[in-house]
């Protein structure tokens, strides 16, 4: 289970990745694990939150737009993006956002 | 199952609401349905995407920050927010974002 990301004071950036999967695993779980590991060691990575319930939503958080761009161009990530289109996703949407404010609650 | 939101060309706004629930329903499902219905008829509402897998992620999309503020102050929503703290959520985090770019893929 994904946990809530501990992000710093805004502003920072978020990538909202919403997707619908194809049937079957087709190597997806292994790739997802590798991408999570690689993203977490990228410069400027702040955290990630993920849930799938039919629709999948993954939100990754980054210090700068440049950090997002660098991750998008990562060699292994490029391969994953290509297989995402050919194998794993029926459709997806990626939204690049600037987080302007945040607030939280804990019991 | 939540579907992918059909949003217009950026810029627009996103509210990323990440949460961990308490045990049991406690009237949550009924409230969630009412809030989804009420949000969808708010001025400036563009769409919503939601998934829970332990961690819950709900992203709602809005035309302006003012629309987000108006929804936050909605009378029924204020009651739901209060019960969210007393009954439904162990913790949550809300992030207000400006969507600067988006792109999508369909098979």
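The backbone N, Cα and C atoms fix where each Cβ goes, glycine too.
Now, the feature entries from TrEMBL:
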- B:21-80: domain 'ABM' (DOMAIN)
### Message
With helix taken as DSSP H, G or I, strand as E or B and everything else coil, how many residues of the domain 'ABM' (B:21-80) land in each class?
### Response
27 helix, 18 strand, 15 coil
### Query
the domain 'ABM' (B:21-80): mean pLDDT?
96
